[in-house]
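Here is the structure we will look at.
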Amino acid sequence: MAFATRNFVRAAASSAAATAAAKKLVVKHVTVIGGGLMGAGIAQVAAASGHTVVLVDQSDEILKKSTKGIEESLKRVTKKKFADKPEAGAEFIEKTLKNLTTSTDAVAVVHSTDLVIEAIVENQEIKNELFKRLDKFAPEHTIFASNTSSLQITQLANSTTRQDRFGGLHFFNPVPMMKLVEVIKTPMTSQKTFESLVDFSKAVGKSPVSCKDTPGFIVNRLLVPYMMEAVRLFERGDASKEDIDVAMKLGAGYPMGPFELLDYVGLDTSKYIIDGWHSLEPNNPLFAPSPLLNKLVEEKKLGKKTGEGFYKYK
């Protein structure tokens, strides 16, 4: 009888452990690495939805600029959200900022976080080095996610020992306004991790869509080849860039034409993406480089941020 009881207790304990292991992680504490537009935007929506957030970057100067940008963004949000209730708007800003702190030491803050979201420069080696370092200090339960728009999540996950707790969370710019988040599941991402990332996306007020770890995920996989085909159309002399932009705005209902969008995104960013995809699939005609795009980037004509790209800006 005692033997049977011991077996029953062991079985119950094993079952309880299995149930606990299968439970999704409820994300409460978030660490965002990168204080640029994307990182600050992600930190803002996470803090605004009640999460405890630490925003990390290399210097206090960068973080002060990021915090100021978040405050200004929150003021714009409250003008719409609390148009008739200025006191409620002020309270919303105060609560959000209370949930947000900053740090220049990523290692020191990841020991108590549930989710690390990386939003730094689009460089494979730099991202891998970051994840490899943080992997040593983050708790076992902590999920790692990258906001990359062009790099393979699988390659980033392989720099850590937590491939099953690694996924992609691709937000869109500007983060507080754009509702979409692409949740990327690699072949190694556990179902529990994937569901936790989906739940987190919903908790910050976004609409998540899921995708496998394919180049560009969903949006950029369709959008970048579309923009590149517009460039090729112009390169061949089939139509002017102005007429192509007008055609896509009036004929397809797009808010921007492809050349306007390229200038907005940055020609260097677009070139970086297409070059990366071309190296992965050199025989894919959709990923073929553009001589004109390469020439403009070489001339430092990168779009709106430099005052000239396909168009000139004052």
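Every residue gets a Cβ built from N, Cα and C, even glycine.
Note that TrEMBL annotation is computational and uncurated.
Features reported for this protein in TrEMBL:
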type	residues	note
DOMAIN	29-214	domain '3-hydroxyacyl-CoA dehydrogenase NAD binding'
BINDING	GLY34, GLY35, GLY36, LEU37, MET38, GLY39, ASP57, GLU122, LYS127, SER149, ASN173, LYS305	NAD(+) binding site
BINDING	SER73, LYS80, SER149	CoA binding site
SITE	HIS170	site 'Important for catalytic activity'
DOMAIN	216-313	domain '3-hydroxyacyl-CoA dehydrogenase C-terminal'
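Here the Cα atom of ASN173 (NAD(+) binding site) is found 19 Å from that of LYS80 (CoA binding site). Distance between Cα atoms for LYS80 (CoA binding site) and HIS170 (site 'Important for catalytic activity'): 25 Å, as a whole number. Counting only the Cα atoms, the space from GLY36 (NAD(+) binding site) to SER73 (CoA binding site) is about 13 angstrom. Looking at SER149 (CoA binding site) and ASP57 (NAD(+) binding site), their Cα atoms lie 20 Å from each other. Separation of the C-alpha atoms of SER73 (CoA binding site) and MET38 (NAD(+) binding site): 13 Å, rounded to the nearest whole number.
When pLDDT values are averaged over the domain '3-hydroxyacyl-CoA dehydrogenase C-terminal' (216-313), the model yields 96. Counting only residues at least six positions away in the same chain, the Cβ atoms of ILE33, GLY34, GLY35, GLY39, LEU63, SER66, THR102, THR104 sit under 8 Å from the Cβ of ASP57 (NAD(+) binding site). Annotation for LYS127 (NAD(+) binding site): spatial neighbours GLU118, ILE120, VAL121, SER146, THR148, LEU151, LEU156, SER159, criterion Cβ-Cβ under 8 Å with sequence separation of six or more. Under a cutoff of 8 A between CB atoms, and with a sequence separation of 6+ in the same chain, the neighbours of MET38 (NAD(+) binding site) are ALA119, ASN147, PHE171, ASN173, VAL175. For the domain '3-hydroxyacyl-CoA dehydrogenase C-terminal' (216-313), the number of residues in each DSSP class (helix H, G, I; strand E, B; coil) is 64 helix, 3 strand, 31 coil.
By the criterion of other Cβ atoms within 10 Å of the residue's own Cβ, the least surrounded of the binding-site residues SER73, SER149, ASN173 is ASN173.
For HIS170 (site 'Important for catalytic activity'), the same-chain residues lying six or more positions away in sequence with a CB closer than 8 A to its CB are ASN147, THR148, SER149, VAL181, GLU182, VAL183, ILE184, PHE217, VAL219.
Largest Cα-to-Cα span within the CoA-binding set SER73, LYS80, SER149: 29 Å. Counting every protein chain shown, 24 other Cβ atoms lie within 10 Å of the Cβ of GLY34 (NAD(+) binding site).
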